[in-house]
Amino acid sequence: MAEFPSKVSTRTSSPAQGVGASVSAMRPDLGFVRSALGVLALLQLVLGLLVWALIADTPYHLYPAYGWVMFVAVFLWLVTIVFFIIYLFQLHMKLYMVPWPLVLLVFFVAATVLYITAFVACAAAVDLTSLRGSRPYNQRSAASFFACLVMIAYGLSAFFSFQAWRGVGSNAATSQMAGGYS
C-alpha cells in the first residue's frame, strides 16, 4: 500500500485581491466618450430624452401617432443607455464572443428606420392634433424637430458602425478588439 505523504504544501490567497481586480476593470473609458460613437451616443441620449419628455407633457394618449412616437423614443433611449454603459465601462471586451460591430450596426440601422417613422408620424400629426400657437402645438413641433435630429444622429452612428464592421481604415481584427470606435 502506498504511503501517505508526510508534508503537503498549500497556498492561500486573499479573496480581496480578486475583488479589487474586477473593480479596477470597471473604470470608465473616457476615450469612448471622446470618440465619434461616444459623442453621438450622448447626443442621442439628450435629444431622445427631449423627444419623449416633450411628447409626454402633452395629452399624447389620445392620439395613436404619439403613442408610437413615445414607444420609439423611450425604447431606443433605454437601449442606447444600455449600449452606452457597455462601451463606457468596456464590458464589450469581457463579452468578446459577441460581434459588437455587427450588433451596433444592426441596432443603429433599426433605430434610424424606427426614428424615420416616428419623425414622420410626429410631424404629420402636429397640425391635426393641436391648435397652432398653443402649448401642445409648440411642444409637438419641437418634438418633431428633435426627432429629426435624433434620426440623423442614429444615421451617422449607423454609418460609423458600418465602417467599423467593414474594418475601413484599420485591420478588422484590431477594430473588433478595440470596440470599433474611432
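A Cβ is built for glycine as well, from the same backbone N, Cα and C atoms used for every other residue.
If you check Swiss-Prot, you'll see Met93 and Val168 are listed on the same side of the membrane. Checked against Swiss-Prot, the residues Ser9, Ser134 yield a single entry marked phosphoserine: Ser9. Against the transmembrane segment (100-120), stretch 142-162 shows more Cβ pairs under 8 Å than any other of 36-56, 69-89, 142-162. Secondary structure counts, DSSP: the topological domain 'Extracellular' (57-68) has 8 helix, 0 strand, 4 coil.
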